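Report on the following structure.
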Amino acid sequence: MQPWRRKFPLFETGVTMKQRKNSNLSIFVVVFSVFLFGIFMYNEDVKSIAEFPFSTSKPHDVHDEATPITEITTLPVQESIKNSDPIQESIKNADSVQDSVKDVAEPVQEEVSKTEEVKKIELFAATEDEEDVELPPEECDLFTGEWVFDNETHPLYKEDQCEFLTAQVTCMRNGRRDSLYQNWRWQPRDCSLPKFKAKLLLEKLRNKRMMFVGDSLNRNQWESMVCLVQSVVPPGRKSLNKTGSLSVFRVEDYNATVEFYWAPFLVESNSDDPNMHSILNRIIMPESIEKHGVNWKGVDFLVFNTYIWWMNTFAMKVLRGSFDKGDTEYEEIERPVAYRRVMRTWGDWVERNIDPLRTTVFFASMSPLHIKSLDWENPDGIKCALETTPILNMSMPFSVGTDYRLFSVAENVTHSLNVPVYFLNITKLSEYRKDAHTSVHTIRQGKMLTPEQQADPNTYADCIHWCLPGLPDTWNEFLYTRIISRS
């Protein structure tokens, strides 16, 4: 008789004391035991295998996969059955055995599926190379340098590969035909910016919050940062939610958020509604910041700005009283005076609420406008429309109308605080980028410009905001450099 060459069904519906059937049964026991221990070794997390009725070894005997299998296969057939009372009893009820196998197999399969999913995520995120990042010297001035054309490393991401960009900044999708504005890299004079690595930044943001606070230019920079980090995050592991003034981009696998909070003047104003804020008669409360500030507490990286909303009038309207009380009377004061009051209020809030051991604070200087082409000696230009290259003559004196009085206030206040604030001096280097604005390739009042409007850049060109990918990516390279250098 050669029972090992015969094939038997996995489960028998009856058992007799005849030698042939006993042999068949023992073979079933051996095969099934091997199967179970195979499962055990495939996923060591399933600890219940050692106590399963079909195991002939006691739990303390199971050290490796060879031991129990050898003991079973070398025993005589009769002895195997004789010494395995749990097996003999279990086989009397084949349905019970089948249910037991199902109970073990399903958790194993589920665990394997989870493991494979984790491996897929890790594999997706591991596409970046692991070369070391060379940091610039601490004393290097990152903001003095020149724009260098570089179509090998820039742009840092593709417009059509970032689903989170709004129609306001997707210039190529909106009909812009030239793309050279995406290929300019900022080169500091005395050092170099480190290669941008999204995974490295995300590691620094693990279990942390980064928040941009301010106006639509800070929102411009926030969208850039979202696109920079999301490129290494697999689908389904990232999300964007907007609630009131707060927009939150979340990266699940790092438990990290990149957020934007709408507060165009930092302090309370009648322009604080995140949806209905296009108000020409702008009124502020320079000493009132707590309503906004409560949303900034506990954030690990704060990036503030306020500028563009100050520029529609020469004097600022300051409320006498409170919006909550329905007061409407105001006084008008000079722009720099009002700006200084707001910056002092902001500085006081920083010193009262920021723990420098936990939170890093940045303040971004003014993002410039390019309204008059004569500013860069182009008499045939129309605002920033049709500009395709930066101002490359770095020694040429020019002015695009930036209010440097506000720049001085912001710089002085940030440097005078007891809490460290890193001043992002983006103004001058951005003034060279007349080519990088959204111009007529954008939306207005929530709607895409019509062909007729696009043909009238003198009226409709947006020379305030920036295309993405584009200049705000460089601003974020400064943030990235500071964060990875200090943490």
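Glycine is treated like the rest: Cβ placed from N, Cα and C.
Candidates considered were CYS171, CYS191, CYS227; the recorded disulfide partner of CYS140 in Swiss-Prot is CYS191. The range from 46-49, 458-461, 462-465 that Swiss-Prot describes as motif 'DXXH motif' is residues 462-465. Bond annotation: of CYS162, CYS384, only CYS162 is listed by Swiss-Prot as forming a disulfide with CYS227. For CYS140 (disulfide bond) paired with CYS227 (disulfide bond), the C-alpha to C-alpha distance reads 27 Å. Comparing CA positions across the disulfide-bonded residues CYS171, CYS191, CYS384, the one lying closest to CYS227 (disulfide bond) turns out to be CYS171. Secondary structure counts, DSSP: the motif 'DXXH motif' (462-465) has 0 helix, 4 strand, 0 coil.
If you average pLDDT over the motif 'DXXH motif' (462-465) in this model, you get 98. Cα-Cα distance from CYS463 (disulfide bond) to CYS171 (disulfide bond): 13 Å (rounded to the nearest whole number).
Across the fold, the C-alpha of SER216 (O-acetylserine) and the C-alpha of CYS467 (disulfide bond) stand 13 Å from each other. Put simply, CYS467 is the one of the disulfide-bonded residues CYS171, CYS384, CYS467 whose Cα lies nearest to the Cα of CYS191 (disulfide bond). The disulfide-bonded residues under consideration are CYS140, CYS171. Their Cβ neighbour counts within 10 Å are lowest for CYS140.
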